[in-house]
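Straight from TrEMBL, the features:
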type    : residues               : note
BINDING : Cys20, Cys56, Cys87    : [4Fe-4S] cluster 1 binding site
BINDING : Cys159, Cys163, Cys166 : [4Fe-4S] cluster 2 binding site
DOMAIN  : 11-123                 : domain 'MTTase N-terminal'
DOMAIN  : 145-373                : domain 'Radical SAM core'
DOMAIN  : 376-437                : domain 'TRAM'
Amino acid sequence: MGAAMTKTPPKTFHVKSFGCQMNVYDGERMAELLAADGLTATADAAGADLVVLNTCHIREKATEKVYSDIGRLRKDDPAKMIAVAGCVAQAEGEEIVRRAKVDVVVGPQAYHNLPRLVSDAVKGEAALDTDMPPLSKFDALPARRKVGPTAFLTVQEGCDKFCTYCVVPYTRGAETSRPFAEIVDEARALVDAGAREITLLGQNVNAWSDGDGRGLHDLIRALDRVEGLARIRYTTSHPNDMTQGLIDAHRDVEKLMPFLHLPVQSGSDRVLRAMNRSHTRDSYLRVIDRVRAARPDIALSGDFIVGFPGETEAEFAETLSIVAAVGHAQAFSFKYSPRPGTPAATMEGQIAAEVMDERLQRLQAAINRDQLAFNQALVGRHCDVLIERRGKQPGQMLGKSPWLQSVHLETSAPIGTMVSVELGHAGPNSLTAREISAERASVAAA
Ligand code: SAH
Ligand code: SF4
Ligand code: F3S
């Protein structure tokens, strides 16, 4: 940004999002914002005058990827405008401008200012905004127009939990909830724009509260009444914010899908304490029992970190045993990555890379075993599949079961239709199914 040189205003843009679903949502909103400003979206970064890299800072690899992407883009086309958005923008700010030639830096709470920042950059002016005014971006964003059958809706942002390994509280700021009515309005707009399934998003989505005693379950019950909306999901949740109201919603609300992503991170109480997770192995398992009592078929998902500083082989074995105790339908597992500025980065007992690799392999083998078992247990079961896209074979479509499994089936039902099926062959990552009946086209198009 140093050189006060004017640039040609961009006519086309491409937004590339990394990281979590909240970033995907932000990327969609930035694209809508730039389109409303008169720019045209391109299918890839190569063809765009302006590339927005919507970045993730969660692990070192994610951050380094940003710099290699900038380098590649610059090499291919030195005139291209590059904007860095997302969590790396928030965490590194000016540092990005020092390390790489970029035109705009914009944080996750300030991206409603993107069009102005782009025109500042065109004039050769500094274009950096990493202010964190909570929620004000939502008021400044254009209305939702056209979306696919499944849509994300951010309802809560930020995190106050400060797990000792995690950058999110620093990159996304304090826990804040969007107002009830605004969320219901956006859900209606998404349904009008084509959504049949909405996933409510937040770094701690189950901490959503309107400050007046209403919690996420009240929001879910309100969305249950939105006509045309067929499915509700939410992610990602913290074990300590799993209220009885939310658990009961899994028993009572038909549109709420039987799926829960509830990261536990480790099975060892000593490691959980060092992580500042504020739940124990036991309290986690008790929550799972209550959830299963409300919804016996629920698909459970989670996140795990292996090789947290000081993790012994015996403590890692406790992670394997909690995996066996829960029986996940799916789960994500990561090698611990020290993040600058977080307490764990300077803790003693950092674990060697080879040890982490080996533990990760054992953990993933256990998770894969449970995932396959979960899928196999559903063979022969009847359920609905929401068609999301075309499959690889002619006549084949791809959709999702209520338990969030990918399902391949032969059907003439178009994208956005709910098809009732019998589940057939189960693999580790997907199932096949036989169509029993599809919604009438008029319903699907509604
Ligand atoms: N808010 C969610 C998840 C946020 S980040 C929660 O509390 O569960 C998504 C996942 O990335 C985390 O659940 C954790 O498993 C992983 N993660 C976060 N920081 C990490 C780090 N420094 N190294 C490795 N994995 C990390
Ligand atoms: Fe990170 Fe912990 Fe907050 Fe999740 S709860 S976002 S892991 S600090
Ligand atoms: Fe990454 Fe930021 Fe999400 S660090 S995981 S993009 S909140």
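Counting begins at 1 with the first residue displayed.
Even glycines carry a Cβ here, placed using N, Cα and C.
Each of the binding-site residues Cys20, Cys56, Cys87, Cys159, Cys166 was assessed for Cβ neighbours inside 10 Å, and the highest tally belongs to Cys87. Taking a Cβ cut-off of under 6 Å from any atom of ligand 2, the binding-site residues Cys20, Cys56, Cys159, Cys163 reduce to Cys159, Cys163. Shown for the domain 'MTTase N-terminal' (11-123): DSSP residue counts in helix, strand and coil, namely 61 helix, 22 strand, 30 coil. The binding-site residues near ligand 1, defined by a Cβ under 6 Å from one of its atoms, are Cys166, chosen from Cys56, Cys87, Cys166. Other than Cys159, Cys163, Cys166, the residues of this chain whose Cβ falls within 8 Å of the Cβ centroid of the [4Fe-4S] cluster 2 site are, in sequence order, Lys161, Phe162, Tyr165, Val167, Val168, Pro169, Gln203. Within 8 Å of the centroid of the Cβ atoms of Cys20, Cys56, Cys87, where the record puts [4Fe-4S] cluster 1, the same chain has further Cβ atoms from Phe18, Gly19, Met22, Asn23, Thr55, His57, Ile58, Ala62, Gly86, Val168, Thr171.
Among the binding-site residues Cys56, Cys87, Cys159, Cys163, Cys166, residues whose Cβ is positioned under 6 Å from ligand 3 are identified as Cys56, Cys87.
Proximity of Cys163 ([4Fe-4S] cluster 2 binding site) to non-local residues of its own chain (separation of 6 or more, Cβ distance below 8 Å) is seen for Gln265, Met275, Asn276, Arg277, given in sequence order. Cα of Cys159 ([4Fe-4S] cluster 2 binding site) to Cα of Cys87 ([4Fe-4S] cluster 1 binding site): a span of 13 Å. For the pair formed by Cys56 ([4Fe-4S] cluster 1 binding site) and Cys166 ([4Fe-4S] cluster 2 binding site), distance between Cα atoms is given as 12 Å, rounded to the nearest Å.
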